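Copied from TrEMBL, the annotated features are:
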COMPBIAS  A:180-213  compositional bias 'Low complexity'
DOMAIN    A:26-154  domain 'Response regulatory'
MOD_RES   A:Asp87  4-aspartylphosphate
REGION    A:163-230  region 'Disordered'
Amino acid sequence: MERNVFVSRRRIDGFDVSPSDSAEAHVLAVDDSLVDRKFIEKLLKISSFKVTAVDSGRRALQFLGLDEETSSSVGFDGLKVDLIITDYCMPGMTGYELLKKIKESSNFREIPVVIMSSENVIARIDRCLEEGAEDFFVKPVKLSDVKRLKDYMMREVRFGSTNSGGTNKRKLQESCDLTSSEPSISSLSSSSSDSPSRSPISPSSAPSSIPTPLDSPVRRLKMTNAGGLI
Amino acid sequence: MDVMIQLQRQLREHSAFLRKEGYLDDQFEQLQKLQDESSPDFVVEVVSIFFDDSEKLLNNLAKALEQKAVDFKQVDAHVHQFKGSSASIGAMRVKNVCIEFRNYCEAQNIEECLTCMQKLQFEYSVLKNQLEYLFRLEQQIRAAGV
C-alpha cells in the first residue's frame, strides 16, 4: 500500500520520526484568518512542531512547489512538510480543493492532511474524509487536537497503516454528537449546525472513555464504505 | 504591596465578571494558557489582531448593508468571518450575535439584519472596552511587580 512506501521512503531519506522527537516535524498551516493563523501557529509550536503558516491554498501549493507555474517538487525553502492542516472555508481555493490537489499529486499525496472548520457539517466532514483527509477538527481547535497530530505521523512511520481505526476519529465523533441531532445534508448553511455554546465536555480534558455511539456519522461512513465504494 | 494586592483582586474580579456575564468563554482561557515566556504578550497580540480584523469587518458590513440591493451572501460572508474570529478568542456574546445575524442573512430579512448590525457594533464596543481594561490591569500589575 502506498503508505508503506511512504514509510520506507522516509527511512531511506534518513528522516526518522521517533515518538519522542516531534521537534523535527514540520507542519504547514493554511488559514485565511490572521487571528486563526496566530492561534494555530502557537498551538503547533507549543506542541513542538516547526510551523509555516500561509494565508491561502494557493500559497500552500506554492510553498510545496505544486503551483502550476513552477515545476519543481521541492518546498521552496527545502524543508520537508510532514503534515498539512488547513481551514475549510477560504476564499479562492477551499481547504477541500487544496486537499484534492495534494492527494492528486504523486509527490505530495502521502502527506497527511487535516481539515479545520468552524462549521460542523456532516456532509462536509464525510467529503473530506473520503478525499483522504486524516481528520477534521471543529474550530476553535484545542491543544489536545493538535497534540494528536503526532499520531498521524507516528502511525505512518511505525505501522504504515492508512486506516487509523476509530481512535483518531474520536474527536470527530464527539464534535458531531455535540451539535444538533439533525445532520445538515448538502448545504453549507450554518443554521442547523450552529450552536451558541461549544460542548458540555471540558475543553481541557481529552476524554478517551466516552463511548462512541454506533450511529455516529463517521462509524456509519466506515461501515457503508467497507467495500471501498464512495 | 497594597497596590499590588488591590490590582490583583481587581483583575480577578474583572475576569470573573467577564466570564459570568458571558462576554468571554472557555476559549479565552485557552488563549491565556498558551501564553508563556517565549510569547509573554501572546493574548494581547492575538486580541489586537482581532480588534483590527473586527473593525475592518464592521466597516465592510456597514457598507454592504447600505447598498440599495443588499447582497446577503456578501453580508453573510463577512459575518461568518467575524463569527470565526470571535469564536477563536472566546468572545461569546459577539459570536452569538453573529450566529443570529447569519440566520437573518439566510432569510434575507433586511430589518433584522440591520438590528443585528447594531447589536454587533454594541457588543463589540463593550467587549473592546472590557478587554482593554483587563489588559491595563495586567500591565499595571507587571509594572508594580518590577
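Numbering starts at 1 and runs along the chain as it is shown here.
Any Cβ shown, glycine's included, is placed from N, Cα and C.
Taken residue by residue with DSSP, the residue listed as '4-aspartylphosphate' is part of a strand. In sequence order, A:Val30, A:Asp31, A:Asp32, A:Ser33, A:Asp36, A:Gly95, A:Ile115, A:Met116, A:Ser117, A:Lys139 constitute the residues six or more apart from the residue listed as '4-aspartylphosphate' in its chain with CB-CB distances below 8 Å. In this model, the domain 'Response regulatory' (A:26-154) carries an average pLDDT of 90.
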